[in-house]
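K.L.:
Sharing a structure here in structure tokens format.
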Amino acid sequence: MTDTAPNPLRDPRDKRLPRVAGPCVLVLFGVTGDLSRKKLLPAIYDLANRGLLPPGFSLVGFARRDWDHQDFRQIAYEAVKEHARTPFREDVWEHLSEGMHFVPGEFNDPGAFDALAMAVKELDASRGTGGNYAFYMSIPPKFFSTVTEQLQRSGLADRSENSWRRVVIEKPFGHDLKSAQELNDIVHRVFPEESIFRIDHYLGKETVQNILALRFANTMFEPIWNRYHVDHVQITMAEDIGIGGRAGYYDGIGAARDVIQNHLLQLLALTAMEEPTSFSSEAVRAEKAKILSQVRLPDDLSLATARGQYAAGWQGGVKVAGYLEEDGIPQSSTTETYAAVKLEIDSRRWAGVPFYLRTGKRLSRRVTEVAMVFQKAPHQPFSQTDTEELGQNALVMRVQPDEGITVRFGSKVPGTSMEIRDVNMDFAYGESFTESSPEAYERLILDVLIGDPPLFPRQEEVELSWRILDPVEEHWASQTKVDQYKSGGYGPESSDAMMARDGRVWRRL
Amino acid sequence: MNIDLTNTTTRRIQEALTQARHVMGGPAVGMVLTLIIVTDESAQYDAVRAATEAAREHPCRVLTVISRDARGSSSRLDAEIRMGETGPGETVLLRMYGPLAEHADSVVVPLLMPDTPVVTWWPGGRVPKAPASDPLGALAQRRVTDSYAARDRLGTLARLAEVYRPGDTDFAWTRITNWRSLLAAALDQDHDEITGGEVSAEPDSPSAELLAAWLEVRLGVRVVRASSDGPGITGVRLVTKSGDITVSRPDGRVATLARPGQPDRQVSLQRRPMADLLAEELRRLDPDDVYQDAVTRFAKDLSAATAPQDAKAEAEAADRAADKGADKGGAAKKAAPAAPAKRSGSSK
């Protein structure tokens with residue numbers, strides 16, 4: 001697509017018109033995986049149902065299965081029926097499924113990639129997809145190099161002047177700085193940086209934009225968003241589930257690499273960064289990179305980190321196995337399922353304000369939030385007994401499950417005596433905004449097809465995040481013991497002890 | 001929770017709302033706007049249903065104003081409060097009898113959510129003469145009419161164009177967002193200069209007129225209206241040197257996009273339910289300048305098409321515009337002389 005002349009039908013004042021992707025083929029590697037069935041295929045249907053996919057849009061599945069097109073369509077049909085967000089419409093499905101094709105093959109089989117190249121060329125001719133291909137790698141990172149090499153060899157990666165190639169890779173982006181750089185080199189050999197889209201499916205665009213809007217569209221928060229008012233910040237992602245069937249992926253990776261490196265550090269960057277000069281992708285990324293490069297680890301990591309593995313127990317009324325008892329996990333595993341880290345930011349705004357990051361599996365409930373905990377009032381005109389129950393004010397940006405804002409402050413208990421206690425005030429982004437607002441994957445896929453990259457982390461951010469986390473992983477690798485914590489609880493005691501050393505406590509999940 | 005208050009006052013309605021909210025634990029917190037629906041008993045059910053559905057995306061207080069028997073001599077106000085059953089937000093049905101029906105704004109004003117936007121919507125055929133100066137319209141940032149439901153559709157739309165104030169909008173415009181989006185996407189690709197266009201639709205379709213007017217404004221070419229048997233809009237043709245770019249939708253469900261030198265492509269292009277239209281209207285509360293451009297152009301074209309033919313007819317059309325909806329589709333015949341002003345019961 002060349003932008004020779006502006007489209008006369010597009011008008012910046014015309015806010016009703018959505019951006020619609022241009023003609024293209026999406027090639028999905030790893031189409032048999034869980035993610036494809038539960039998220040990607042339904043999201044593609046939802047986009048089609050909302051009229052955001054171009055006429056003639058085609059989807060090619062590639063996997064090691066002996067399927068023909070019909071089998072693939074049937075699998076996709078079931079996935080869509082079960083998981084799509086929007087109502088099922090026969091018309092929409094019919095036209096979407098006409099463009100669904102399947103190419104069977106191994107990743108190291110040149111013949112299969114030649115067949116794939118033939119298939120997409122045929123689609124260009126029969127469905128007018130214009131030679132634009134997006135490759136979605138829903139596959140383990142160890143296959144990235146094989147697949148990218150095959151794409152190059154088969155000519156699929158070569159683009160002509162008027163078409164584009166994009167490649168989508170999902171976290172984890174490596175497992176440390178070195179491997180992230182290697183991975184990057186592999187992909188870069190074939191694709192330039194601007195056509196690489198790194199997807200962190202935990203962090204939807206809606207969330208990011210909500211945080212940016214809260215911080216930078218309002219006047220009442222900015223004046224207190226600094227070390228003079230904020231005591232500390234807690235960034236939490238808690239899950240109530242265990243590792244499920246992901247033993248092969250999870251063991252050796254662990255909670256910190258899985259969640260802190262990408263998701264929590266991105267939330268930290270968005271919370272702590274300065275105002276970008278504009279909301280263009282470049283400006284937002286520049287601010288994120290700046291704040292990530294200012295993050296500093298405390299000197300003694302044994303005092304500033306905590307980790308644990310969930311032990312057998314009861315979670316939400318169900319008896320559950322411990323991490324070491326899960327299928328496919330060796331008894332000697334020291335992989336953590338809970339990780340907490342204390343970070344500091346060397347800047348005028350944040351000097352002396354610790355950022356506590358924690359994530360864990362099999363905790364009491366599922367929640368993702370960023371909590372700004374404010375300092376206590378320097379002086380209370382009330383007596384000690386009046387304010388005994390008064391904690392610290394807090395502003396909480398809830399990311400999941402019900403997105404919104406919570407403000408915690410003190411309020412007088414009704415009655416004649418003076419008693420001040422913490423209360424919560426909630427704003428939800430519409431009780432059912434979750435229902436109608438686009439799922440994160442829809443936004444991500446649409447952004448890829450349109451070619452709009454603002455919220456995808458760039459290689460620089462990935463590397464900066466690994467620079468932060470690598471020393472922590474090295475420190476843990478030198479330890480032999482991993483704390484066990486009760487399933488369905490609040491995490492290991494060492495984590496609470498880490499907070500207690502600073503005279504603070506975690507917000508109760 | 002359902003509360004019925006007969007022969008009541010706004011004070012009592014307010015108290016009932018506050019009390020219900022306390023009992024239910026505060027569902028009104030976080031409501032983003034007040035939606036006033038001006039309707040009658042027959043259209044009330046569908047409108048409230050659509051509003052309830054739209055409230056899932058935009059939690060709001062819905063005030064439904066139903067005037068009953070305005071000729072009666074004694075005023076009476078009956079209220080029905082619905083909360084917490086159908087979704088977020090709360091719905092109040094206000095039935096007004098007698099002279100009170102003329103002063104509905106006095107009932108509505110105390111019940112607006114404080115300091116949040118107000119949207120007034122006239123579903124069904126009750127299109128006000130001038131939305132912005134209507135007492136209930138004047139309260140609102142956004143005024144939503146539906147000229148398609150009026151008896152004289154095109155005349156109504158032309159009249160709405162004349163009295164346009166920022167914040168006005170019409171469902172005839174909302175209905176074509178899908179079409180506009182598809183056409184805009186088609187022109188995102190490289191194409192030759194467009195030299196003309198054509199919109200075909202069932203006769204007497206305000207949406208088709210707006211689509212044609214919008215294309216004229218944006219493309220700077222003449223776009224003619226052709227009549228077809230519908231349903232709704234059936235096709236758009238953009239003429240370029242290398243051939244036509246066409247979108248055709250003969251069945252109201254599936255559109256085919258054809259471009260010179262490329263295979264035909266099909267895409268689902270559904271006619272949208274009322275709740276979808278309303279949700280779209282509630283998404284943006286700022287004035288829709290693009291609608292203004294299109295509706296103004298439509299009104300200009302309509303009067304240009306009418307004027308030279310017969311000065312008398314124009315005077316008649318003006319009369320008709322003043323006497324809202326009294327006549328059936330007179331002006332429409334002038335705009336689309338090829339076809340009789342056929343009416344179908346289906347909504348677009």
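Just so you know, glycine gets a Cβ as well, placed from its N, Cα and C.
Because the structure is a prediction, the values reported are computed rather than measured.
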K.L.:
For the NADP(+) site that TrEMBL assigns to A:GLU106, A:PHE107, A:LYS171, which of the candidates A:ARG64, A:ARG65, A:ARG73, A:ARG85 is also assigned?
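P.N.:
The one candidate that TrEMBL places in that NADP(+) site: A:ARG64.
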K.L.:
Among the binding-site residues A:GLU106, A:GLU239, which residue has the fewest other Cβ atoms within 10 Å of its own Cβ?
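P.N.:
Each of the binding-site residues A:GLU106, A:GLU239 was scored; lowest Cβ tally within 10 Å is A:GLU106.
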K.L.:
Restricting the comparison to the binding-site residues A:ARG64, A:GLU106, A:PHE107, A:LYS171, which residue's C-alpha is spatially nearest the C-alpha of A:ASP258 (substrate binding site)?
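P.N.:
That would be A:LYS171, nearest by Cα distance.
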K.L.:
Within 10 angstroms of the C-beta of A:LYS171 (NADP(+) binding site), what count of other C-beta atoms is obtained when all protein chains are considered?
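P.N.:
Total other Cβ atoms inside 10 Å, all chains included: 20.
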K.L.:
Within 10 Å of its Cβ, which one of these recorded positions (A:ARG64, A:LYS205, A:HIS263) has the largest number of other Cβ atoms?
P.N.:
A:HIS263
K.L.:
Quick one: Cα separation, A:ARG64 (NADP(+) binding site) versus A:LYS361 (substrate binding site), in Å?
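P.N.:
One finds 31 Å between the Cα atoms of these residues.
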